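Participant: Could you have a look at this structure, given as structure tokens, before my questions?
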Amino acid sequence: MNNSEQLLRRLPNDIGGLPADAIDRTEHALEPWEKRCHALADVLDFHKIINTEEKRRGVEALGAEMIGKLTYYERWIATFANILFQKGILTPSDLARKMDEIEART
Amino acid sequence: MPDHHHDHTHDHPHAEISQTERPGYYEIMETAVRELLIEKRLIGANEIRRQIEVLDSRTPALGAKVVARAWVDPAFRSRLLANGRAACEELGLSFYDDTGLIVLENTDTVHNLIVCTLCSCYPRPVLGLPPDWYKLKPYRARAVSEPRAVLAEFGTIIPDDVQIRVSDSTAMVRFLVLPRRPEGTEDYTEEQLTDLVTRDAMIGVVPVTLAAERTAP
């Protein structure tokens, strides 16, 4: 038995039943950009561009390290970008250019 | 609770606080993705604004209305348990996505708890967005294997002769708990009952109690 087998048996999202810490019940109100990100997810779903299950699998495809280090909506927006690249809807250069443009104007 | 979070002495500059005016990397990415999709006419700018309004309009008060109606109207309760979504729509509560809703009734022999072990699926049209703890590992990991310990952390002790059923949500099927109507509410109006029902009771982590009353008597 090799420990790496566990990696195949359980993808990063598949945590049901694992031991874990006590529940921290602190709650935070969504940042405006987080709420926009949520609305974007819903609109992408309405237009059948990215559905909920594609989004979940896309988050999983970020891998355990990113899942651990990014916040919830950081994972979502990174996932949307990846899926839009995969579907040929956006290119990484489109996004990089647009991000530079936004950075310059803010 | 250990208070180690309060121990550090703030001898370092908090650059991230003084720079809150400037959007962070992921916020810029969100703006960029949204603007690119609007430029390509794949989505409309108004659609995002409208969906933010929809999200803001969804709160646990909607679910509470559904629960109180089920408590006072046995025929509605039967329809709700048979088809959660159709019964909610009867009350004018629209579903903005294509998810199904299964309503799980707590009784003196069964206590229901909902979770999404894989991510964060939640009955958003009737409860709004989930609390942070619902989306984080400790609840997702432990709710299915040690629900009694999880419930105890919320101060909820379920007698050993009451079965606990944990339902794991999916992208297409969401759950809502129909809590037990508290004793001593026989004379309450439907509106008074609505005020007793909390978000956490509809997730199944706490019962509905008279102490939880949201509005002054």
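Heads up, the Cβ atoms here are built off N, Cα and C, so glycines get one too.
Not my notes, these are from TrEMBL:
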COMPBIAS  B:1-15  compositional bias 'Basic and acidic residues'
REGION    B:1-21  region 'Disordered'
DOMAIN    B:26-205  domain 'Nitrile hydratase alpha/Thiocyanate hydrolase gamma'
BINDING   B:Cys116, B:Cys119, B:Ser120, B:Cys121  Fe(3+) binding site
Participant: Counting across all protein chains shown, how many other Cβ atoms sit within 10 Å of the Cβ of B:Cys116 (Fe(3+) binding site)?
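Facilitator: B:Cys116 (Fe(3+) binding site) is surrounded by 24 other Cβ atoms within 10 Å.
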Participant: Averaged over the domain 'Nitrile hydratase alpha/Thiocyanate hydrolase gamma' (B:26-205), what pLDDT does the prediction give?
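Facilitator: Mean pLDDT, the domain 'Nitrile hydratase alpha/Thiocyanate hydrolase gamma' (B:26-205): 97.
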Participant: Return the residues near B:Ser120 (Fe(3+) binding site) by Cβ distance under 8 Å, restricted to its own chain and a separation of at least 6 in sequence.
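Facilitator: Spatial neighbours, sequence-distant, of B:Ser120 (Fe(3+) binding site): B:Pro130, B:Tyr134, B:Lys135.
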